[in-house]
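Visitor: I grabbed these lines from TrEMBL:
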| type | residues | note |
| --- | --- | --- |
| DOMAIN | 292-433 | domain 'Peptidase M1 membrane alanine aminopeptidase' |
| REPEAT | 598-631 | repeat 'TPR' |
Amino acid sequence: MLLAAMAAHAQYAAQSGTPLVDVTGYVIDATVQPARHSLTATAQVTFTPAADLPTASFVLHDALHIQKVVDAGGNAIHGERGPKDTLLLTPSAPLVKGQSYTWTFTYAGQLDGSAASGPVSGPVPGLTLAKIDADTSYLLYGGAWFPMDGYLTDRFTATMHITVPSGYTVVGSGAVAISKTAPSGMREYDFAWTKPGFPGTILVGKWVDVPDPQAANIHLFVTPAHQKAAEGSYGAAALDEFAFFTSTFGEPPSNTLNIVELPNGTVPAYWAPEIAAIASAHIGGGNDVRLLANTIAHQWWSAEVSPATLNDAWITNGMCTYAELLYLQYQDGEGALENAIQDVAAGALAYDTTPLTSAGRLGAFSPQFQSMTFEKGAMVFHMLRWVMGNDDFNKALQAVLTQYAGKDVSTAQFEKAAEAHTQQNLVPFFAEWLDGTGAPDFKTKWDVYRLGNGKGFRTVGAIEQQLDLFNMPVDVRIETQGKTVNKVVQVVGNSTPFDIETFGEPSKISIDPDWHVLKDTPDMQVRVDILRGQQKAAQGDVAGALAEYQAALKVNPQSSLASFRIGELLFAQHDYQAAVNAYRDALSGDNQPKWTEAWSHIEIGKIFDVTGQRDRAVNEYRQALQTHDNTSGAMNEARHDIQVPYKLPGAGS
């Protein structure tokens, strides 16, 4: 009976593309006991069925045990656990399409990150999204710590009453009221988010509250270890990013922003209305402001407008990554944008086997979904900006934010909004990049003819690529002994001719030199292989990661980055000689990126320290200092290791 009902639900969901029930509001009373790792809660859930249904299905973390479920009249509702943290509830009478229901769930459990409650359990295998701990507790919306449906697509209001021991601070979404400490030593925080959205995240901790001195609406809740960064450059970056996005996209749904430090061991970052939560390891470093920018951008591209289905998540996720790049361009110029675009392009091509508009079939936290919606989505926006021009592109974005404020937006609706702000036909563009896969591999053939009477030279050639449906403007750059000439050619199909005149004799022709188009190149294939290797290494797949790095070396045997990553992998496996060999290969390679030189010397030095060769270790650290490259704190690390011999984590003194 349970499996049959689940199958019926799944069939309806697949046909409709919408959640089975539309949750409209929550009233949650929860008590969090950090010392006991426990959650006790009552959730009043108001919802409307999308069809006549004999049952209703919700998702609830499987470490939380249902004590009872009752309807508005107090009648008990029978329920059973289904697969993947689902709850299947059968009322006494079938649910009627379009009718509002309110059910009350009473439940409790421990969320301590142990084998019983995570990370192997929970709605996302391998990820801990809900954990209660003595230092910091995080109940992320994606952790399903309350009965939910339609992750990231089903908007709801929420009133939350969160009770915690005195001494803890609670951060949530919406207007907050704090009660006095009761004789029991407990204190209640009340939050009210009255606009339909995604106010499903609660954070509990003993942080230092660092208000931004220039903006009372921005607070940073950090551990003492990061207080200095919050009071300095990191806090300043948060204010600057929030101001930049406001000037670019308009007013956010709320001017309040709480930046909260998460413990390591969960996702690097998470957002909720008024919240940008960042893992401890990503606060205060040189490149950490980019992750912060991406997370803050969700206040517009997720909180203000949300995807109609997960097939449309490329709009919000992709725009958050592109907003991060727009801020980088604003701060550091075109060169920084171009370098970053190539990294994003590698991510876009890492799992480019499914069209963006079919991404919803993948898990929302899977590497494939993340790569496609964040990075390929960002590349779609980057290319759309190139096709439309800056002004029309910005107007289209602002129109979407205005027209769909507080609502969801579909791919078709976004396409219509973009086409309304340009005279161009965008159908081929969206068909290629949203409904297709792959990227062009540009090649060119050309001949140069000298013009008479000293008028210069004429270059006649063709741009060739393998995608039949490709139809985009592409920049052609001709370098000469004198002035460099750029011309935009509308490339259509497999081969498109061009005819360009220059005064100086051409010496080099480049196709799309500034990376306006997502394209496949031998160098990009190396980047893609290395990125896939890093992702497999992060998942603990050592053999798979090594295979990806070796694939990169087959394309470019001189890749310093591929050799460095192999060294990194082997060092972690304590295969010291092989690791040193790999780092030496990195030093004798193409030196791209440049930081591989400094860090290869540092890692070799660490291996010498671990194997009792202190003099040789110090020599490597000194060679690292000679590079003067402080990427990721390399100079600081080298100086420290010169003073204090490196020891493996957990090694005795």
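Backbone N, Cα and C define each Cβ position, glycine as well.
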Visitor: Considering every residue in the repeat 'TPR' (598-631), what is the mean pLDDT value?
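Guide: The answer is 95, the mean pLDDT of the model over that range.
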Visitor: So, by DSSP, how many helix, strand and coil residues make up the domain 'Peptidase M1 membrane alanine aminopeptidase' (292-433)?
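Guide: Summed by class, the stretch gives 104 helix, 6 strand, 32 coil.
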Visitor: Pull the DSSP breakdown for the repeat 'TPR' (598-631) and write it out as helix, strand, coil residue counts.
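Guide: Across the repeat 'TPR' (598-631), the residues distribute as 26 helix, 0 strand, 8 coil.
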